[in-house]
């Protein structure tokens, strides 16, 4: 054991020594590490709590560094050549043992200057590879490179398991003018927990998680984790090659929306591993084409369901390691399923360890709460006018799509981004530079985002949750649109659910709620969403929205699903809806799988599977989703009987959907059809295989030359109550 070294006065003035030991010195590389002093090289080391420090040359020569003050060591090192950064190592004696390491302050700048300049100009291309924690080898020394954008900070240090969370030990170098602080720490590897200690422009010292961390602790812990950067062994080459064709507007897209934490409880098994073993095969067996996950990004509060994330580059640790999430995506692709993630660039929570006032200023958010705080969620709003913030968000999106092979992003709360007065009364919002309510900076950001995804991630899609009539959400950026591939049809969802909640005796007065959606069905490329938002906050379940006794509720839900699957637009159904979950969704409990012991609920699940199969295999139900020629009303005005009939067509096929939204049978109901000949029943929601009473029409019907509804041919049948029929023309 080495003895404590005698103290010396040293070559640093008292003020500098005090600033170092107090954790206030902003430029550690100017005083720590090797420095030329005349013909000699002086080495200084800041190691509070160390008993002794020695500089060890490659040949084994040892030079004790002498303490100027407890924790601050210095000495001339004979034989050390200036400008040879890796030419010595440190041997540090701590109370608990000996540490051998290279000196972090012996290395020059580690970030590429050209890439830094690109990021400083608002470029996102190199951002995820520059900032955060990355494995690196510098001058033959392995370790981790840390970097943080904090341009207004007075000082930044990286703290963690490797330095006892002592902010004095590893202060970082500022790369001006990019505003990025960097430090290479030798011998720090995957699994190490860390944060950044930031002395802000406001004079306050705070601990911040890494905004670009690719791995994080599970809440309530808040540290970032140095990730394991070994590449994942993907097996989805075939899927990735076919992805673009599977996600086009003329392809069948049926999305199963899932909250990873409550789909199934597998007795404490790691969530992604458990889901990978069960969920892809389940969704595939029901005919879904995609799984959409509520946000999987690291978030501090589970009750937010992920919609208040702080780790925009890290999968939530509660479900497993990043590699486990990659495995889940790979298994989905193996099962022929795409993966869409909900992604939240609209706002972020103000937790102390997060982005809020990261460098002592409103860096990621607006300074004025009329712009920077969201009145609905009490969260902070990104400053889209700042190029570095736009780059941060776009880099996050590209990271999920490229690093994790994700197939699409559903962008949350787009309406709140587009309007400066969203949820704000008069006098509580700031107009744009033209005096209007449009958020011009957010518009530019969304266009830039979608353009970047299109170039960098061919075949990937973006979907907007946009609840207003903003024009051109899915129009190309070049044509003045926002550039999304699809938009949730919130209007269709609200209108039709409002209709279905009504007592059937009153539905005749609200027939337009079912038909109005076709007025604007081709204004955008739409997804019809029955999402998690419709089964929370006292809204009850989808089944619970249907009036009447349980048998009537199930019959109406079957009818509603058949109407939806025949209607133009891609499909989305939240988990539990496929078998008629009775209770409102609870994120703290798994789905009511026991309901599948009931034949009626199994029948509903079977119907969803059959609807998906028919939708995917009959081209007229999907290939002209974005083309008005693919739809024609047959019976759109029979409000008295609450009956709708319409045709879905392509160049060679025709399917007619007939829906009776009352419990009253309609015997001898006649409606026109576009073609003469035989029409086969492809779906009958009242069939016994779906839990219905049966008694529907025969499997094949022949048209009669009796004009009806503008067609020279017609069909006549007994239309049961609460029933939808799909009739396909036989060639």
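Glycine is treated like the rest: Cβ placed from N, Cα and C.
Since we're looking at a predicted model, the values are computed, not measured.
Residues or ranges marked as active site, nucleophile in Swiss-Prot (evidence: sequence analysis): 412. Positions annotated as active site, proton donor by Swiss-Prot, on the basis of sequence analysis: 465.
When the Cα atoms are compared, residue 465 (active site, proton donor) and residue 412 (active site, nucleophile) turn out to be 5 Å apart. Within 10 Å of the C-beta of the residue listed as 'active site, nucleophile' there are 21 other C-beta atoms, taking all protein chains into account. Over all protein chains present, the Cβ of residue 465 (active site, proton donor) has 20 other Cβ atoms lying within 10 Å.
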